[in-house]
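Let me begin by presenting the structure, written as C-alpha cells, before commenting on it.
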Amino acid sequence: MLSSIAFTIISIASTSFTILITLPIVIILYIRLHRERATVILLSANTYVGLLTFSIILLSTNINVLRADLFETSLVNTGGLTACQLQGFLVYERFGCCYSSFVLQALSRLLKVLYPKRTILQSFKFNLVCIVLQWILCFLLLLPSYIWRDLFYSLYEFDYYCGIRYERLFYLWYVIFNIYVLPLTYMAIIYIRLMYYIRRGNLELLQTQRGRSAQRNYVVIRRILCTMTVLALAGLPNVGLAILAYIKPNLSGYYYMYRIQWMVPTITMCTLSIVLVFITPQLKKVIMNAKLPDKQVMPT
C-alpha cells in the first residue's frame, strides 16, 4: 500500500513541476507569437502546449488514484465508467500528441536543410497547418480506443487507473504503436536522412559558408538526437511490461505495472520541459529576454 502511494506521489510531484514550468513558457511564447510569427517559436509552443495538457490530465488522473488509495473512492464510483473511459482516452491521446510535436520539429529541420529556397515550406502558415493536422490525426488515430471502449477500456484492479489492461494485448499494442512506435520511427527516418545529407559534404565544402552551415546543423541534430533518446526511454518500461504480460499473462498487474506505466513518462516530460530550453537557442533567447526587464535610462 505504501509503495503504491509512493509511486503515485512521485507522479503527482513530477506532473505538478512540469505544469509549473510549461505554463509560464506557454504564456511567454504566446505573447511572443503576437509580436513575431517565427516558425521555431510556433513549433516550440506546440510542443509545450502538448506537455502542459498531458501533464494536467495526468495530474488529475493521479490525484484520483491517490484519493482512491486513501479513501477507496475512485472516479468510477463518483463519476461513472464513462468519465473514467474519457480520462483514459485523453491521457493516451495527449501523450501521442506530445510525441507527434517532436516529429514536426524534426520535419521542419529536414525541410529547411533540404529545401532552403522553398520558403513556403518554412513559412508560419504552412507550419500552423501542419500543427492543426497533427492534432486532428492524433485524435483520429486514438478514436477507436474510445469507440470500442466496452472492449478496450477497463478499470485497473487495485490501482484505480483508467486505461487498457496488459492482458488486452491487441488493443494495448494498437495504442503503443500509434502514440510511441510510429512517432519514434518517423523521427529516426528524418534524422537518418539529415545525417546522410550533412555527412555527404567533403573537406572542401566544409571550408565554404555552406559547410559551416552544415556543421551548425550537425550540432542541432546531435541535440535533437539527445531529445529522441529521452523520448525512447519514456516508453521502454511500458513496452517491456507489455512483453512480460504476453509471455506470462498471470503476471499482468503485478510489480506495480500500472503505477510504473505513467510514472516514467511523467518524469520524462518534466525533464524535457527543462532540457528543451537549453537545446533550443531561439527558445532560450526568448525566455531569457522575457525574464530580463528592459533597461531604462533615468532622466538627469
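Along the chain as shown, the residues are counted starting at 1.
Placed from the backbone N, Cα and C atoms, the Cβ positions cover glycine too.
Non-local neighbours of the transmembrane segment (6-31) in the same chain are 41, 44-45, 48-49, 51-52, 55-56, 58-59, 62-63, 65-66, 69, 256, 259-260, 262-263, 266-267, 269-270, 273-274, 277, 283, 286-287, 290; each lies 6+ residues outside the stretch with a CB under 8 Å from one of its CB atoms. The transmembrane segment feature in TrEMBL is assigned to 6-31 (among others).
The domain 'G-protein coupled receptors family 1 profile' feature in TrEMBL is assigned to 22-288. Along the domain 'G-protein coupled receptors family 1 profile' (22-288), the predicted structure has mean pLDDT 81.
Feature annotation from TrEMBL assigns transmembrane segment to 43-66 (among others). Tertiary neighbourhood of the transmembrane segment (43-66): same-chain residues 5, 8-9, 11-12, 15-16, 18-19, 22-23, 25-26, 29-30, 33, 74-75, 87, 90-91, 94-95, 97-98, 100-102, 104-105, 108, 127, 131, 134, 159-162, 262, 265-266, 269, 272-273, 276, 280, 282-283, selected by CB-CB distance under 8 Å and a gap of 6+ residues from either end.
Taken from TrEMBL, the feature transmembrane segment covers 128-149 (among others).
Annotated transmembrane segment per TrEMBL: 169-192 (among others), in sequence order.
Look at TrEMBL and you will find 224-247 (among others) tagged as transmembrane segment.
Feature annotation from TrEMBL assigns transmembrane segment to 259-279 (among others).
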Sequence-remote partners of the transmembrane segment (169-192) [C-beta within less than 8 Å, at least six residues beyond its ends]:
92-93, 95-96, 99-100, 102-103, 106-107, 109-110, 138, 141-142, 144-145, 148, 151-152, 221, 224-225, 228, 231-232, 235, 238-239, 242, 245-246
